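Novice: Dropping a structure here in structure tokens format, bear with me for questions.
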Amino acid sequence: MERAPPDGLMNASGALAGEAAAAGGARGFSAAWTAVLAALMALLIVATVLGNALVMLAFVADSSLRTQNNFFLLNLAISDFLVGAFCIPLYVPYVLTGRWTFGRGLCKLWLVVDYLLCASSVFNIVLISYDRFLSVTRAVSYRAQQGDTRRAVRKMALVWVLAFLLYGPAILSWEYLSGGSSIPEGHCYAEFFYNWYFLITASTLEFFTPFLSVTFFNLSIYLNIQRRTRLRLDGGREAGPEPPPDAQPSPPPAPPSCWGCWPKGHGEAMPLHRYGVGEAGPGVETGEAGLGGGSGGGAAASPTSSSGSSSRGTERPRSLKRGSKPSASSASLEKRMKMVSQSITQRFRLSRDKKVAKSLAIIVSIFGLCWAPYTLLMIIRAACHGHCVPDYWYETSFWLLWANSAVNPVLYPLCHYSFRRAFTKLLCPQKLKVQPHGSLEQCWK
């Protein structure tokens, strides 16, 4: 991300314009404000480092997570972890004192790494959305490629290469191409900070294009899910009318109040969305808000994915012997039970699809919320050379951008059942051994 002079004290020519900076470069924060800001920054660092470290440790502890789509989540966690472990800590004393004290060499390294990590984080989000898009719209070919780990590694490497090429060469060579550096002593920001043409080009590649791509992929997933839902509903209606009342047997016993659930103990019920009726494909896990790639194959549930799980509802009555013809009453009972089972599955999947749609909307909204203010203010600030955007708005915008690295572990892995189980294995191993299913909720509570 573009680093501003901490107080916005640079005019168009790059000369110092404030008496405070000339006197010592201090920001002018009171002791109380300095303590509050330092505490908030430390909290952001801890949240970013721990959240993403937990994702990386999960890959070490649970080999079942090492699938192609989850590798992309690992790539995202690595970039976000380094943001919290390297980029933010070096910037904290700079923003609190208004002066860079680590030297010009470390300044260059910090800028290259910061720009690289932020861009790679964005590109990884695009890659995750694209992978989910393929898992839903091209499920057959996608499943066939799940064993090709080299393909995933190539995509991950491409993300880092593109992220470096976006800003790295410009940061390293700008002062040599322009005939000298315009950055005063005690400051650290990119030479192209006020070059509007470069920034609009870079912003298009770093934010506008990725944002539109993520929106397109997730909207396509939503429309695909809605289309398949309508097809299932239409197929259920075309199955034929119910038999007349006089041909119908007495209704089966009333099912439990929670469709698709079974007792879990202590008066609770466990949803069967991972085990029974309406089981979703790994790419969009049922009940997990559809976040992140699954640990299995990444394909969304097909219209026939629950044929095996719903077979209990379509078993023939025991009175039917092998080779005997079913009576009209038995046939109507079987047909009715099948229709009830299909109706349950359709309602369950419709509820799941709504959750998936909401989760996809959250992903796009959070990404846009964290990146749009910074990108727009950066372009406006460059156009007017820093005179039309208050400094506190600009600094708030890129702290919001950094906060995206702390939010990503929540949006993607932590909302995924297989990752939560791996985290429970790390944090609450004893509870997982005693209560392998119920311990998940208890541990996270």
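Just so you know, glycine gets a Cβ as well, placed from its N, Cα and C.
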Novice: If you look at what Swiss-Prot says, which of CYS87, CYS118, CYS188 makes a disulfide link with CYS107?
Specialist: CYS188
Novice: Quickly, which of SER64, SER341, SER439 does Swiss-Prot have down as phosphoserine? Just give the residue.
Specialist: SER439
Novice: Any idea if ALA39 and ASN69 are on the same membrane side according to Swiss-Prot?
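Specialist: Checking Swiss-Prot: the two residues are separated by the membrane.
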Novice: DSSP secondary structure for CYS107 (disulfide bond), reduced to helix/strand/coil, please.
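Specialist: SS state of CYS107 (disulfide bond) = helix.
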Novice: So are the transmembrane segment (397-417) and the transmembrane segment (197-217) touching or not, going by 3+ C-beta pairs under 8 A with a sequence gap of 6 or more?
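Specialist: Taking Cβ pairs at least 6 residues apart, the transmembrane segment (197-217) and the transmembrane segment (397-417) are not in contact, as fewer than 3 fall under 8 Å.
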Novice: Among 40-60, 109-129, 157-177, 360-380, which stretch has the highest count of C-beta pairs below 8 Å with the transmembrane segment (197-217)?
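Specialist: Stretch with maximum Cβ contacts: 360-380.
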